[in-house]
């Protein structure tokens, strides 16, 4: 019987050595989770139970338990290297079959799909187009190879100061080609529906104290809502190519814009058209509400507008909520999806599938899909990966312990063999 007991001890120690050795071998494997061999004692039993005199029949392995605690976060220079800070698993598709992993080393393939080393495609929730995502559906994360579409300018913000000490211009009628007919000018680049650039010029002419007229001209466009007609001192109608007629800005005695008396409250609509096949800019809403009139040089301090030209893909960025954005050379960005994380009621019950991936099992329960940062799921760290959770010092200690257990059980068999030889040699 001692032979069998010793042999069971050898088998258990050998299993312990194998598990520990596998942990050590994967100490540098991204996303690896260490395992622990668990053992139980063995007793012979009958229908009457176990005898109080039973010495036991050795040991057996009850299970190899996966340890799902987090590994350390290691930072990289690749935006598609991803780590989960908290609970959850990346969901990947392996030819339609869902797998789960903590190893976030991803890169685009030749078709633009974001895949890991096994060509498994990272799964995301598709965008709804309004900043939210459809959490009831999964799709492959794919980088678009198309150019980013242009967007026409619809709003503009102009921040400037007009010099309160300026005199009314000596030239009675505004003329964009006559610098003495206005006090100050500035310009801004705007875009049409084709992404072509156009220069929108703005001229400011003092009418009286605290009162200014603003004229807007599109250098290569035509005005489609010219506004009130303007006449010169001889009573002739003045026309200038692409010029939007005067809009009025009124200021308070403190130098702030008076939105109650200024045209449009300081926010003015301008319509322009171009002879290049693009849609009319109807309208460009120009916001002058931040304008001031102080006794200092006229100057422009802010020019913002929302249009842009077409652009080429420059890369992808992923925020801590797992939202993947395609970034373009024109400054535009488009949502590609939100990374779908999966969790399980019993993650230790997941079935290892190799290559640091798992599949669901009856022990793990069904996957619980969710968005990063919700439902007890972790956040995403881009440009980082999760290292193995193997502690080499602990594993080397376990290795020594397993080796000594193996030697001790070998000694049990050796001792039993000596006793047997003694019995055989009795005469």
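Using the three backbone atoms N, Cα and C, a Cβ is placed for every residue, glycine included.
TrEMBL: automatically predicted annotations, no manual curation.
Quick caveat, the model's predicted, so the values are computed rather than measured.
Over in TrEMBL, the protein carries these features:
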| type | residues | note |
| --- | --- | --- |
| DOMAIN | 3-33 | domain 'Flagellar basal body rod protein N-terminal' |
| DOMAIN | 83-123 | domain 'Flagellar hook protein FlgE/F/G-like D1' |
| REGION | 144-167 | region 'Disordered' |
| DOMAIN | 161-308 | domain 'Flagellar hook protein FlgE D2' |
| REGION | 345-372 | region 'Disordered' |
| DOMAIN | 381-426 | domain 'Flagellar basal-body/hook protein C-terminal' |
Counts of helix, strand and coil residues, the domain 'Flagellar hook protein FlgE/F/G-like D1' (83-123), according to DSSP: 0 helix, 23 strand, 18 coil
Reported mean pLDDT - the domain 'Flagellar hook protein FlgE/F/G-like D1' (83-123): 95
Residue distribution over DSSP helix, strand and coil in the region 'Disordered' (345-372): 3 helix, 10 strand, 15 coil
